Structure formats: structure tokens, C-alpha cells
Amino acid sequence: MLTAEEKAAVTAFWGKVKVDEVGGEALGRLLVVYPWTQRFFESFGDLSTADAVMNNPKVKAHGKKVLDSFSNGMKHLDDLKGTFAALSELHCDKLHVDPENFKLLGNVLVVVLARNFGKEFTPVLQADFQKVVAGVANALAHRYH
């Protein structure tokens, strides 16, 4: 999946990420850009407009929770399937989330990182993070196979 150099680069960069801010923005953007994903978050209250979604405290809190899990995965890049096994089971068996949504969220996360870090988020880092989010999406979809 990732070379030792790529792992070092993404891990070092991830230390700069403000998980609470980036998580809320990434989940919010997912819900705005792909509105069908909102059906999994009906208990979150008002998701009727982009502003409502982006300012919703439950979206922000869950986005942080999602990125806290992602951060844990960043510490276990060699065992993403093991790291995300319980979450894969939850999302498959109980929540019935379409695994394609994991790919969408990963891609949105990469966009949010680029937006927040500008030139510091180089094309090489973007390519490395695309590998990471693909690996995480695959690990989360593992239970579906």
C-alpha cells in the first residue's frame, strides 16, 4: 500500500491536522455534496441547507468522531482491516451503510485537507493520502465482502 517514505510523510502531516475542525467540515461537505448520505443522520436535526449542515453541532461532533477513528488508523497503517474491523461490522450489519460512501468521504477529506493546507498539501502528499483513504475505505467495506 504505502512505502516507508509515504507512511512517514502522511503521519508527519497528519500531526498538523485539527481533527475537530477538519472532521466537521469533511462530514458536512459529504452531506451537502452527496445529499442521499443524509438518510444516515436523520437524528441530527436540521440538514435542510448547506449552512444548516455546516453549522450543525451534531455534524461537527460526529465529524470529529469519524476523524478520531481515522487518526487511530493513521497509527496502524499496516493493519487497517484489523483497526477498522469493529467499525466495518457496525456500518455493515447495524447501520447498513453503502460501502461506496466510505470512498466518497475519503475523497471529500482529501479535498478538505487541500483546502485547509493549500500549497503545503503538495501533489505528492495528495497522492499519498489518496492511498490512505482508499485503504481505510477498503477496510471499512471489508465486512461487506
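From the backbone N, Cα and C atoms, a Cβ is placed for every residue, glycine too.
Sequence-distant neighbours of His62 (heme b binding site) (same chain, 6+ apart, CB under 8 A from its CB) are Gly23, Leu27, Phe41, Phe44. Sequence annotations record features per position, and here Swiss-Prot assigns heme b binding site to His62, His91.
Each residue in the domain 'Globin' (1-145) gets a DSSP state, and the totals come to 116 helix, 0 strand, 29 coil. Positions annotated as domain 'Globin' by Swiss-Prot, on the basis of sequence analysis: 1-145.
Feature annotation from Swiss-Prot assigns phosphothreonine to Thr11; the stated evidence is similarity to another entry. The Cβ of Thr11 (phosphothreonine) has Met74, Leu77 as same-chain neighbours under 8 Å, each 6 or more residues away in sequence.
Counting Cβ atoms from all protein chains shown, Ser43 (phosphoserine) has 6 others lying within 10 Å of its own Cβ. Annotation source Swiss-Prot lists phosphoserine at Ser43, citing similarity to another entry.
Non-local neighbourhood of Lys58 (N6-acetyllysine): Phe41, Ser43, Phe44, Gly45, each in the same chain, at least six residues away, with C-beta under 8 Å from its C-beta. Summarising the annotation, Swiss-Prot assigns N6-acetyllysine to Lys58 (among others).
The feature N6-acetyllysine is assigned by Swiss-Prot to Lys81 (among others). Counting Cβ atoms from all protein chains shown, Lys81 (N6-acetyllysine) has 16 others lying within 10 Å of its own Cβ.
Per Swiss-Prot, the feature S-nitrosocysteine maps to Cys92; the stated evidence is similarity to another entry. Just so you know, the Cβ of Cys92 (S-nitrosocysteine) picks up 17 other Cβ atoms within 10 Å once every protein chain is counted.
Note: the Cα of Lys81 (N6-acetyllysine) and the Cα of Cys92 (S-nitrosocysteine) are spaced 14 Å from each other. The predicted model assigns the domain 'Globin' (1-145) a mean pLDDT of 92.
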